[in-house]
Amino acid sequence: MLKAIVTGGGGKMGARIISLLEEEGGMQLTGVVEKKDHPAAGKDIGEFLGSGKRGIVIQSDLGFCIAGGDVIIDFTSHEASMRHMEMAAEHKRPIVIGSTGFSADEMDRIRKFAQNVPCVLAPNMSVGVNVMFKLLKIVAETLGDDYDVEILEVHHRLKKDAPSGTALKMAQVVAEALGRELDEVGIYERKGLIGERSKKEIGIQALRAGDIVGEHTVIFGAVGERLELIHRAHSRDNFARGAIRAAKWVVRQEPGLYDMQDVLGFRS
């Protein structure tokens, strides 16, 4: 039985992972971590989620429970994830990270830590979204420079980062397939008399409203036709199941930095 620790267990994603963890089979929850000022900190996770006492107290520091776990599933913030990644490397505990918003320097540190422990880092754990990544590469390579590319993402009003990590990953996949540097061609805002659209730019726009779980649309537009690839998430369960799948996979891997394309076998 694989023993799992969930960091960010009081959040929306963490709560769904905990609820689904043992339903998936082969895994047991042994630890939960949440930031010190979170309402869940210090409470029994079962009582906090309304499912009855489970005997697992939500800790405010991963160090209090890391020894009791075989794998860490982290959905926190990029700052907290950096601390958890460092501890995972120190204690040789495989880790799955679903947080987004990492800086270039933080990514360099993650790669360094991953030399000592296997880590799956993915902005989106959904199987459907990761299939879309693969499709985007094929479509972009096939259509080439004759089609304009625009990406639109829509999320709930509480989401803190924009554009979403998933939208940025989609843009990166398309840019690489077209031989472009996203830093040079990414356009994140249009306003005023900006003139004609340049041929190679990739537009990435974000909308925030209500309780929308997540929607991503990639438009390939040319004169006379338009191709759209759309992914809509109706609940967080698809992300949670993907994270659990990644956790079962990562414990069998050698140290290194992986993503969901590796988990799903798309690179083999």
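Each residue, glycine too, has its Cβ placed from N, Cα and C.
What Swiss-Prot says about this one:
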type	residues	note
BINDING	G8, G9, G10, G11, K12, M13, E34, G98, S99, T100, A122, P123, N124, M125	NAD(+) binding site
BINDING	K35	NADP(+) binding site
ACT_SITE	H155	active site, proton donor/acceptor
BINDING	H156, G165, T166	(S)-2,3,4,5-tetrahydrodipicolinate binding site
ACT_SITE	K159	active site, proton donor
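Annotated features, which come from Swiss-Prot, shown on the structure.
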residue	record	DSSP (3 states)
G10	NAD(+) binding site	coil
E34	NAD(+) binding site	coil
S99	NAD(+) binding site	coil
A122	NAD(+) binding site	coil
H155	active site, proton donor/acceptor	strand
G165	(S)-2,3,4,5-tetrahydrodipicolinate binding site	helix
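Under 8 Å, Cβ to Cβ, and six or more positions away along its own chain, S99 (NAD(+) binding site) finds G8, D74, F75, T76, S77, H78, A80, S81. Between the C-alpha atoms of G10 (NAD(+) binding site) and K35 (NADP(+) binding site), the distance comes to 9 Å.
Annotated pair T166 ((S)-2,3,4,5-tetrahydrodipicolinate binding site) and E34 (NAD(+) binding site), C-alpha to C-alpha distance, rounded: 24 Å. For the recorded positions K12, K35, H155, H156, K159, counting C-beta atoms within 10 A of each C-beta gives the highest total at H155. In this structure, the CA atom of H156 ((S)-2,3,4,5-tetrahydrodipicolinate binding site) is 22 Å away from the CA atom of E34 (NAD(+) binding site). Of all the recorded positions in the list K35, K159, G165, the shortest Cα-Cα distance to A122 (NAD(+) binding site) is found for G165. In sequence order, T100, P123, N124, E153, H155, K159, D161, S164, A167, G214 are the same-chain residues whose CB sits within 8 A of the CB centroid of H156, G165, T166, the residues recorded for (S)-2,3,4,5-tetrahydrodipicolinate being left out. Looking only at other Cβ atoms within 10 Å, the busiest spot among the binding-site residues N124, T166 turns out to be N124.
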